[in-house]
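See below for the structure under consideration.
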Amino acid sequence: MGQIRKQAILSSIVIYIGFFIGFINTWFFIRSGEHAFTPEQYGLTRLFFDVGQLMYAVSAFGVVAVVYKFFPYYKDNLQKKENDLYTWLLLIPMLGFVLVIAGGLLFEPLIVRKFSARSSIFVDYYHWTFVFGFGTLLFSILESFAWTFQKTIYSNFLRETGLRLLTLFLVMLFFFNIIAFDGFIKLFSLMFLAIALLLLFYLKRGGYLHFTFKQSRVTKKFKWKMVALSSYVYGGSLIMILSQVADSIIISSVSENGIKDTGVYNLSSYIANLIQVPQRSIVAVTIAALSIAWKNKNLAEIERLYKRTSINLLLLGLFIFLGVWLNVEDAFDLLKIQGDYKAGLMVVFILGITKLIDAGTGVNGQIIATSIHWRFEFFTGVILILLILPLNYILVKQYGIVGSAYANLISFVIYNAIRYAFLLRKYKLQPFSSKTILALITGAAAYFISYYLFNSMNGWTGVFLRSSLFAGIFIAAVFALKLTPDAMQLVDVVKKRFGKK
């Protein structure tokens, strides 16, 4: 766990730096005053991300799962220059994107009809979503390559920090009236392509990536298994991405305020997504370890990773979610955020609970995806989409953006419960212990003590006092109760290094 912990900590630092820059970007998007973006314009930038993710899912054909599952066999049996895995798994998605463009142009009249009334700005820039989508695809494929080499820090830097630095640069150009919104959104569509080319250069220059069209003996042996895996996972990954982006797309098309509500909802989602930052970095550095553990049939190591990631992600999620919820309303006032966005405060809470549940169940999805039962990934994905699409459509029409948040909560609770039950029944694996209950009690106690002691205090003073007390109680309890071995091991590492000095 030492290497995983080190990579996860460094990756988390990089990602949180990115989130800080992202916070600055988001504030410029939602602030009131001169040269401010409208909620509709902010909503369009978020819709670009969601449509780009959907294009990636359609065109990737599930190749990322093939990378994770089969890279140990290529690594152990081939020289670097003989490894043709990356050639085919980059070429196939490129061909897939050609089909996406063809389909997007074919169904353009339908898109115009569905979005023109409530979200006309999306129709105006529809063609630019293809540029954004291609960049998303290229970077995501290269990122999966980087993860197999355990080069997660640089890829995380590009996605979480580099992308936001580019956004900040464009936001500043708009803020100082150097470019209009038309120029901003067109340059915005090129950002993923820019960081994808940087990652490609890094992997090639570092000697990690080689391309050859000569079919290797490993490919000849496993190609039909890889086709079978990608076929199943393709449907599952498409369903998963669709479940993640359905809310924004449905809100833009059927909500009363259209893409304006998309902007409000996505700000709330952005705040709730803070909980998932540790999850991203831990997943990134755990996948390779899980793949190798399955290859070696080391069930004890898989169980250890499952339990350890569950308690760590739960603690980190509680700390972030409760810390944010303590101060979110004051923060809206202090940061002079446009009043329209306050309509999403309840969405923050509901989505926060959703993310917390997902984080607390650990790397259940990654365990299944790297096992011989990876087909189950597809079936659970089908269940998820069968829940989330109709629930979103019905509840958004009835309750607006809050309805979408409830749709996500209901769907992901059922989805994670099914995965939990599968691993428990099939392998007798489950991530929870008495420490899980103690973690929940610790979080609740720290929150309510901090809230009731300083609830009457407003402004930055109140934010500081509530946050400080909450953090102090929570962190002290984690160490006092020894809720996670990683906390104590981290202290030991610091002591050793301090002692050396």
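The backbone N, Cα and C atoms fix where each Cβ goes, and this holds for glycine too.
Caution: TrEMBL annotation is automatic and unverified by curators.
Residues or ranges marked as transmembrane segment by TrEMBL: 9-30 (among others).
Among the features that TrEMBL reports, transmembrane segment is placed at 54-74 (among others).
Taken from TrEMBL, the feature transmembrane segment covers 86-107 (among others).
For 127-149 (among others), the entry in TrEMBL reads transmembrane segment. Within its own chain, the transmembrane segment (127-149) has Cβ neighbours under 8 Å at 48-49, 51-56, 59-60, 63-64, 67-68, 71, 75, 86, 89-90, 93, 97, 100-101, 104, 155, 158-159, 185-186, 188-196, 199-200, 202-203, 208-209, 284, 287-288, counting only residues six or more beyond its boundaries.
Summarising the annotation, TrEMBL assigns transmembrane segment to 187-203 (among others).
What TrEMBL lists as transmembrane segment is 224-250 (among others).
With a threshold of 8 Å between CB atoms, the same-chain residues lying at least 6 positions outside the transmembrane segment (270-290) that come near it are 3-4, 7-8, 11-12, 15-16, 19, 22, 26, 68, 71, 147-148, 150, 152, 155-156, 160, 301-302, 305, 309, 312-313, 316-317, 320-321, 324, 328, 347-348, 351-352, 354-356, 358-359, 363, 366-367, 370. According to TrEMBL, the transmembrane segment annotation covers 270-290 (among others).
If you look up TrEMBL, you'll see 311-328 (among others) marked as transmembrane segment. Here the transmembrane segment (311-328) has long-range neighbours at 271-272, 274-275, 277-279, 282, 345, 348-349, 352-353, 355-356, 359-360, 362, 431, 433, 435-436, 439-440, 442-443, 446-447, 450-451, 462-463, 466-467, 470-471, 474-475, 478, 483-484, 486, meaning same-chain residues at least 6 beyond its ends whose C-beta is under 8 angstroms from one of its own.
Listed as Cβ neighbours of the transmembrane segment (343-364) (distance under 8 Å, sequence separation of 6 or more from its ends, same chain) are residues 264-265, 267-269, 271-273, 275-276, 278-279, 282-283, 286, 290, 305-307, 309-310, 313-314, 316-318, 321, 324-325, 328-329, 332, 401-402, 404-406, 408-409, 412-413, 416, 419-420, 423, 431, 436. Annotation source TrEMBL lists transmembrane segment at 343-364 (among others).
Positions annotated as transmembrane segment by TrEMBL: 376-395 (among others). Outside the transmembrane segment (376-395), and at least 6 residues removed from its termini, the chain residues within Cβ reach (under 8 Å) are 65, 232-233, 235-240, 242-243, 246-247, 250, 254, 365, 368-369, 403-404, 406-408, 410-412, 414-415, 418-419, 422.
The transmembrane segment feature in TrEMBL is assigned to 401-424 (among others).
Look at TrEMBL and you will find 436-454 (among others) tagged as transmembrane segment. Counting residues 6+ beyond its ends, the transmembrane segment (436-454) has Cβ neighbours under 8 Å at 310-311, 314-315, 318-319, 322, 325-326, 360, 462, 465-467, 469-470, 473-474, 477-478, 481, 483 in the same chain.
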Task = With the transmembrane segment (86-107) as the reference, find which of 54-74, 187-203, 224-250, 401-424 contributes the most Cβ pairs under 8 Å.
result = 54-74
Query = Per the definition of 3+ C-beta pairs under 8 A with sequence separation of 6 or more, do the transmembrane segment (54-74) and the transmembrane segment (401-424) touch?
reply = no
Key: Proximity verdict for the transmembrane segment (224-250) and the transmembrane segment (401-424), three or more C-beta pairs under 8 Å   = yes
Ask   = Taking residues 6+ outside the transmembrane segment (187-203), which of them lie with a CB under 8 Å of any CB in it?
value = 45, 48, 52, 125, 128-129, 131-132, 134-136, 138-139, 142-143, 145-146, 149, 151, 154-155, 158-159, 162-163, 166-167, 170, 173, 179, 209
